[in-house]
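Chemist: Starting off with a structure, shown below.
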Amino acid sequence: MAIGCLLSIDPSRPESVPSRAFRVSFVRNIRMLDVILLALLVGLFGLGVAYAYACERL
Amino acid sequence: MTFNGILQIALFAAIILVLTRPLGGFMTRVFSGENTLFGRVFGPVERALYRVCGVDETAEQHWLTYAVAMMLFNLVGALVLYALMRLQALLPFNPQGQAAVAPDLSFNTAISFVTNTNWQSYGGETTMGYLVQMAGLTVQNFMSAATGIVLALALVRGFSRRGARTIGNFWVDLTRATLYVLLPACVVLTLFYVWQGVPQNLLAYTEATTLEGAKQIIAQGPVASQLAVKMLGTNGGGFFNANSAHPFENPNALVNLVQMLTIFAIGAGLTNVFGRMVGNERQGWAILAAMGAMFIVGVGVCYWAESQANPLYAGLPVDQTVSALSPGGNMEGKEVRFGIANTALFATITTDASCGAVNGWHDSFMPLGGMVPLVNMLLGEVIVGGVGAGLYGILLMAIIAMFVAGLMVGRTPEYIGKKLEAKEVKMTVLAILAMPLVILVFSAISSAIPAGVAGIANNGPHGFSEIFYAFSSGAANNGSAFGGLSANTLWYNVSLGVTMFVGRFFIIIPALAIAGALAAKKSVPASAGTFPTTGPLFVSLLVGVILIVGGLTYFPAVALGPVVEHLQMMAGTTY
């Protein structure tokens, strides 16, 4: 399941109690999203530094 | 339009003009390392900070070192903010027990506040605890504003120095901007706001019983301290979801005026700093004149558009005429306390600068009225602009203007005694291309994919305007929301995060490269063939270049949004 589908769950919508397997999968996916987004954040700043060096050479 | 409304707009402009020179003189002394009023108080703090952080205040940096220091500082700020939001539920000062902020929203918000955008895909009082509001968001309000100021200074030093390899020390500039400019002003403003009725406490929200017997939760918290820097630092991120339309965040007309003045104060003062540092104050006044001309036109169009009766209400029992009891015109989405003039003025100021605070609902403006904030952002927010960002933005435009002037007369272009050669023009073009790249590409993608279209509340051109406005606001580091777009989704949180990053740093870095290149050059003495840059001809050329660059780049997209919506409205169709 795509991460976006998990995140698009509306918290105000009444839901049946999720199974333990679902909860474990959800937490794991959220953690994976943390890793992906933190990597993207650091990567963007890394790109910025690389861009600065490229500007120096231009 | 009423005489009273025009008078209030004129009063605002007059106060800014009066403030510009003293503020410029003060900031010039601060950044030249001279002693100031606050030297005795903050001098020991400043020196202690340098000792603790191992900063040699006499050591200056090459532009590349300056840029890398700035990037690393902002990266650490973003990571700390991200961690604070993700761990919020475990941290103190959270009396409402706000849950951990979702990863994609944390990503978006971290970039948003580090880049001085303060785009908020969340409602402040329902999402953030007090620790995140104070130690996360407010701290970044200071740091991102100080970062903008020091980067403008670095570019100004590029013009003012001759044969130098360095453009200043990032850590020293950042410390001085925070300690001597932002902090003292914010202490005074916070006390003023508390006096006027803005809450400043750490209490849990109050549960009140209404006259009908219903229960109502009244949100409060450390609002005043965040409000002060929110406006002065052109951040704009509200403590409350309703931002400066909330009575606790903007209690009366006096606070409204002070908020508007503080949005423009530092940006206007920096034009004077520029003039003083390059040795000719008239250079700064010429820049401010160009900004002022565009400001007057913008606020005039917005105020006029909002004062018009909505033709779609014809035949309905809606009174849109000016009378002793009604301001007339389009009052939808406006606070009755502020009326049309002060809402149009606030909307124009907040998007001229990169503030993004709102005291009305831009989504409810008439199509042409809503077009003004949009166009202000698309022009690069060079009309006073964000603290620092406005000055370096318009100086980049000035480089293009002088390049065009040089091409017209067949001379090597020069500005403030510096020859503008291939390096400067290439860097300027790179900086100018960053915004349209992310705005147009992401707007196009979001208008086509289900994840993008799912967020809009209206069809047709108005729905497109909602998407286009969001990416324009993100790329221009404004942060105001048009409204109507549900942006707290994975797609919008990530795409807007990337947009804000590119809109900030992919302009700053080429601007610093220009600063480094200019600082290394010798000064060229003015001759009979030098284009004067302190007169009306230069001001007209600069305004023309800004309008042409913005117009050529964005006109088709603007035509698809507010222009089509206006024509459809005149034909009796609404969305």
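Just so you know, glycine gets a Cβ as well, placed from its N, Cα and C.
According to TrEMBL, the feature transmembrane segment maps to B:6-24, B:63-85, B:130-156, B:177-195, B:253-273, B:285-306, B:382-409, B:429-449, B:490-516, B:537-560.
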Chemist: Would you confirm whether the transmembrane segment (B:382-409) and the transmembrane segment (B:177-195) meet the contact rule of 3 or more C-beta pairs below 8 angstroms, pairs 6 or more apart in sequence?
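Modeler: Touching, no - the transmembrane segment (B:382-409) and the transmembrane segment (B:177-195) miss the threshold of 3 or more Cβ pairs under 8 Å.
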Chemist: Quickly jot the same-chain residues contacting the transmembrane segment (B:253-273) by Cβ under 8 Å, restricted to those at least six beyond its ends, or write none.
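Modeler: Sequence-distant neighbours of the transmembrane segment (B:253-273): 12, 15-17, 19-21, 23-28, 31, 145, 149, 152-153, 156, 181, 185, 189, 192-193, 196, 198, 227-228, 231-234, 244, 281, 284-285, 287-288, 291, 337-338, 342, 345-346, 349-350, 352-353, 355, 357, 359, 384-388, 390-391.
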Chemist: Who are the chain neighbours of the transmembrane segment (B:537-560) in space, where the CB to CB distance is under 8 Å and they lie at least 6 residues beyond its ends?
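Modeler: Distant contacts of the transmembrane segment (B:537-560): 286-287, 289-290, 293-294, 371, 374-375, 378-380, 382, 394, 397-398, 400-401, 404-405, 432, 436, 439-440, 443, 461, 464, 468, 531.
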Chemist: Name the range, of those listed as B:6-24, B:63-85, B:130-156, B:429-449, B:490-516, that has the largest tally of Cβ pairs under 8 Å with the transmembrane segment (B:285-306).
Modeler: B:6-24
Chemist: Same-chain Cβ contacts of the transmembrane segment (B:130-156) under 8 Å, 6 or more residues past its ends?
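Modeler: Result: 31, 63, 66, 70, 73-74, 77, 80-81, 84-85, 88, 91-95, 98, 101, 109, 113-116, 118, 124, 167-168, 170, 173-174, 177-178, 181-183, 186, 202, 221-222, 225-226, 229-230, 232-235, 237, 239, 266, 270, 273-274, 277-278, 386-392, 395, 508, 511-512, 514-515.
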Chemist: Which sequence-distant residues neighbour the transmembrane segment (B:490-516)? Criterion: at least 6 residues beyond either end, Cβ under 8 Å.
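Modeler: Distant Cβ neighbours of the transmembrane segment (B:490-516) are 62-64, 66-67, 70-71, 74, 104-105, 107-108, 111-112, 115-117, 119, 121, 151, 154-155, 157-158, 167, 389, 392-393, 395-396, 399, 423-424, 427-428, 430-431, 434-435, 437-439, 442, 445-446, 449, 451-452, 455, 470-471, 474-477.
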